[in-house]
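**Q** I'd like to ask you about the structure that follows.
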Amino acid sequence: MEEKLVISSSPHIKGPKTVRGIMLDVIIALIPACLASLILFGWKALLIIMASVASAVASEALYEKAVKREVTVGDLSAVITGILLAMTLPPNVPLWIPVIGSAFAIVIAKQIFGGLGCNFVNPALAGRAFLLAAWPMHMTRDWLNPLTYDAVTSATPLAVLKGTGQGTLPGIKDFLLGVRLGSLGETSVLALLLGGIYLIARGVIDYRIPLGFLGTLFVGTLVFGKPGAFFQGDGVLAILAGGAILGAFFMATDYVTSPVTARGRLYMGIGAGFITLLIRLWGGYPEGVTYGILLMNLVTPLIDRFVVPRYYGYAHDRAAKEAAAGGR
Amino acid sequence: MKRSLFHDFIKGFVEENPTFRLVIGMCPTLAVTTSVVNGFWMGVAVIFVLTFSNVFVSLLRKSIPDDIRIPVFVILIATPVVIVELVMRAYLPAMYEILGIFVPLIVVNCIIIGRAEAFAYHQPVLNSLMDGLGIGAGYTINLMVIGGIREFLGTGQITIGSVSFPGTPLFEPAAVMLTPPGGFITLGLLMAALNIAVARSENRKKARRAA
Amino acid sequence: MISLKRTSGGVRVDDKKDLSAGSPIEPAGIPGELVLFLSQHTGAPSKPVVKVQDLVKRGQLLAEPQGAISAALHAPTSGKVKAIEPRYHPIQGRLVDAIVLEPDGKNEVFEGVVPRARDLDSISGEEIIAFVREIGLVGLGGAAFPTAVKLTPPADKPIDTYLLNGAECEPYLTSDYRLMLEEAEVVIFGFRALLKAARVARGIVCIEDNKPEAISAMQRAMSPFPELDLAVLPSRYPRGGEKQLIEAVLGREVPPAGLPLDVGVIVSNVGTAFTLGKAIRTGLPLVERVISVTGEGVTRPSNFLALIGTPVSYLIEKAGGFSGTPGKVIMGGPMMGISVKSLDVPVLKGTSGIVVLKKEQVKKDKMLPCIRCGRCVDACPLRLLPVWMAAYAERGLLEEAERARVLDCCECGACAYECPAKRPLVQWIRMAKSEILAKRRAQNHARK
């Protein structure tokens, strides 16, 4: 019997957390937003989410089969990519849009670079950026009126704010509930916040990223939001309109493409908020969340290189910084 | 071992494919490959310049002093470039408008100066001629393939002269393919595919040798 | 009570202390054979002063210290020296000389074992240090560093604070907890003796907040002594690590490759203080210690007062034997302890527990790719970046690993515990450390 004792080096016990469990938590956190999209935009929303998830999972499995790698759809990360991409799509897009977007997200943005953990940009956002560049007409005009499900091509609140579209701005209550034009999952602020708070409470995401992101956007818009006058902008509206909340809680917090240190994550959030602000106020597009996060994804390795904690026992973090900089 | 002329020609297609294997001459590859026709004419211009410069570099290789060979190469390259530019302007003014700055820029194209330095400066005239033709033809095919993919997906059809092969309404054209990101994506995927193919065939060769 | 200064990292661990926390300390009894390694402790092995066939009594000197850092070894019970031969050392993983003692069962106490002092006024600091050396006292927290050496720091390193470590942050283990609960008075007496010996004015007892009963027992015992203070630590592994304790309680950081005395601190374990307190009053050297025999894999998780050298198999039997099929037997705690391949090995002075995990608990987790979640970074008590250290180590990038301060890693295992991808971070880091050190040795050798 004694021969059967396992010999290994410490630690001999491991915690209960698993990658799958974390991914499952993210999916749970997305359920309120999914439900909200169903109520607001009807069965079309369900079809888009299903098409997107199915395409993401199938692309991952097929690609891994093709290159003879282990099929890893069981880790559920592809499901999240699928849901997240669907959340960013206008509710009236043809179904091939989510299918192609998810396939691009999984194959081009994730698998080609080595799969889970190796992608350098958030796959869902890369998919969205691709769709936006490829079929801009669908991505900026295929809206549905919430609750009535009429197809409309009028301007989203952000476009109205920017002055590039005609329309009326909904009230705060409508923003919170999501009764306004917008992508599937970005409209219902309450549902998104519910999921975001769940993720923070479960320790899945770091509050610093959404805090930095939304904080920067709020303050920046407050200060510079109105041309010609400081401190006249509507910071609250900047957070409520558009995809800032979806991006801040669910996209920018993607582990693989955000920094590993707490301070780094705060900087990442601030940076993403700042770029979003730049694009919204002075850029060509009405919305900048996608590019704000994507650009910060690219900067993440730099942040990881220079934002390192002061190691225990070292007087200044210069030594540590040099160590990290030289080490990479 | 005497180098085979045929090998010098054929190596430009796969083994020393300038775009996908040597990864040189990338600026025009990305910039002008929005259609098959663009790719074709750019390729033709490069074939002419490359062959011309290869032949003359090879002819003069014994009398070009080593220390100043690069300036000499540039002169030998600039000559055919000017010829191409003037001819294009005269007979293909529309194409010249499209290719624009990238025609005069052939002067500093890495393929040309690279072949001069790496090949023609050390090889006999005939070999250099074949090298120029082969590499140039390989380059032309690359540009046409990339251009074809981008044109087809980006505009929904491929148009050569008055003939067009429509892809629509099977799918909606993806505007992104005509933009630089589309160029990078196409280039990257093709490069990966060719490298996989080459690696596989080399493995097979190795296995056969071992067996 | 001391307010905490700074705590970094650490993980919440399912501590499983309930298994044995309710079991009072009981004597384990005398096994058929005791194996006493000559190197029980950090430093040079001790030198035998007995011969094979000698008859010895409980408390009699078996081996004397050799060199500056070493410790004496005494007979845990009366009996015959059966052999002095190499035996398998569970920590060092190789054959090491040991004195094998065959107990006669009479447990006769050596004549020299007489009480030293009734109170601390009747014994001087120098005498205490000499006595500590005499009884072979070492740190009972795990590293087994000779206590007498700790008590005599170099003159240029003034010590202002003495920490008594009762954190016991390793999961499962309850030996320190039971000691504080049952023997608080002796522990405090021993702690005050340590303070007097080291001429330190302030003593702080450090306990994790998951042991409220121990806290109140210790508080009662220390209340008459104004020089003693209490620090209650949040129970997050590895808060009881020496460096972590010093940072949390005093806000000081031990420099890399330095010792607590570099920042004016000495840290001793509760068990060490208890052994000294008891020894001053009875004269009995360090021949036994409290050991938790626990884990899901034993029938009756217990806390034993066990003789040094008792075989692990004997203790497991005393704890009711295995429950189910054992998968792993660990000497020490499950986070930093060492798994043994045979139950024949004896316990050492530094063995604080024996944890038996069931076979079904010892499953090999499938390793997934790193998802860069940063949990290991948040967990590291030294604020290092395990994600990079392990990545460099995995790829054999030793120079980069060294620059990422891989040598500072204390291998507490917090990062690996937290890793959701179940990556063997500590194993990689350990590998890099040993390779870097081996390379250094080779270079030094070449230079000579």
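Start at 1 and count along the chain as shown; that gives each residue its number.
Here the Cβ of each residue, glycine as well, is placed from N, Cα and C on the backbone.
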**Q** Under TrEMBL, the annotation transmembrane segment belongs to which of these stretches: A:46-68, A:230-252?
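**A** Result: A:230-252 is the stretch TrEMBL calls transmembrane segment.
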**Q** Hey, what's the Cβ neighbour count for A:THR156 (FMN phosphoryl threonine) at 10 Å?
**A** 25
**Q** At least three Cβ pairs under 8 Å linking the transmembrane segment (A:177-200) and the transmembrane segment (A:264-283), pairs spaced 6 or more in sequence?
**A** no
**Q** Does the transmembrane segment (A:289-308) come close to the transmembrane segment (A:120-138), meaning at least 3 CB pairs under 8 Å for residues 6 or more apart?
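**A** Answer yes, regions in contact.
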**Q** Between A:21-39, A:70-89, A:230-252, A:264-283, A:289-308, who has the most Cβ pairs under 8 Å to the transmembrane segment (A:207-224)?
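**A** Answer is A:264-283, with the largest number of Cβ pairs below 8 Å.
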**Q** Sort out the residues at least 6 away from either end of the transmembrane segment (A:230-252), same chain, that have Cβ-Cβ distances under 8 Å to it, and list them.
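**A** 26, 29-30, 33, 84, 87-88, 122, 124-125, 156-158, 161, 169, 172, 175-176, 180, 182-183, 185-186, 189, 192-193, 195-196, 199, 205, 209-210, 213-214, 217-224, 258, 268-269, 272-273, 276-277, 280, 286-287, 289-290, 292-293, 296.
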**Q** Where else in the chain does the transmembrane segment (A:289-308) make close Cβ contacts, counting only residues six or more beyond its ends and a cut-off under 8 Å?
**A** 88, 120-122, 125-126, 128-129, 132, 213, 242-244, 246-247, 251-252, 257-261, 263-264, 267-268, 271-277, 279, 317, 320-321, 323-325, 328
